[in-house]
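Q: According to TrEMBL, the protein has these features:
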| type | residues | note |
| --- | --- | --- |
| TRANSMEM | 12-41 | transmembrane segment |
| TRANSMEM | 61-84 | transmembrane segment |
| TRANSMEM | 90-114 | transmembrane segment |
| TRANSMEM | 134-154 | transmembrane segment |
| TRANSMEM | 187-211 | transmembrane segment |
| TRANSMEM | 240-262 | transmembrane segment |
| TRANSMEM | 268-290 | transmembrane segment |
């Protein structure tokens, strides 16, 4: 039917747009993981920020991979989602990695804030001394939170799936997969809570770093001295501000996705999803150019890639 043809062609277009974006994001995060793992093998140890970057790179790689697989299956063979565990399994894995992305990003912001900012508060000094021991616990604590996040999405998907089994048409099922109903609200509120908490943590870290930077500049003007920690402050601020922008836009996108999904505006869901997934790769690219080791390796690799392309 014409309606079925339109839905199929629209899905194919969405996959064609999303696939290069997903593979670019996966390549960027693979680069981060490979460089850090190479350093790990050579030095037999990892710094705290490298542990967080390694965890973040792995979670973002799998998040984009699962998202690409989901888009591909929805377009090529949507009826496979009638196999009961498949849709729930993909939703749980995708949601768990999404939660891990948020948690690891917040861990990185908190680490930069505590490690670089300078305050005379006793508790802050205690955190600065113990931060290297705290980081593994923060990363480990993200796993049960991601599990709870995934279970909430599983229950929502399972209820929706049971109600959607009565529909057998390609176009109806395609719309039902990417739209939300009343069962989604509990999971949505959990997602919003996680995003708002992360946003507040990132904003608080940014404010502390700004305050610390301002105090350093005041000391420089008073003592007429150059302070090398200014550069560290600025680099950390770039990283935290990139997370702040990403979380703010993602939060707005989630609200828009809920509104358009409830109104069954299918044509607006894919552009919103594409923008949301694009930030995973863009933010990872920003992290590469903020980290001296990753930036140096990237700049060394790029000329080699250009030469190989020219030779072909």
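Including glycine, each Cβ sits where the backbone N, Cα and C put it.
Automated prediction, rather than curation, is the source of TrEMBL annotations.
Bear in mind that the values here come from a model prediction, so they are computed numbers and not experimental data.
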Q: Mind pulling out the one from 12-41, 134-154, 268-290 with the most Cβ pairs under 8 angstroms to the transmembrane segment (90-114)?
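A: By the under-8 Å Cβ criterion, the transmembrane segment (90-114) pairs most with 134-154.
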Q: Would you mind listing the long-range same-chain contacts of the transmembrane segment (12-41), meaning Cβ under 8 Å and 6+ residues beyond its ends?
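A: Contacts with the transmembrane segment (12-41): 50, 53-54, 56-58, 60-61, 64-65, 67-68, 71-72, 75, 270, 273-274, 277-278, 280-281, 284-285, 287-288, 293-294, 297-298, 301.
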Q: Cβ under 8 Å, sequence separation of at least 6 from the ends of the transmembrane segment (134-154): give me the contacting residues as numbers and ranges.
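A: Distal contacts: 48, 51-52, 55, 88, 91-93, 95-100, 103-104, 107, 110-111, 127, 186-187, 190-191, 194.
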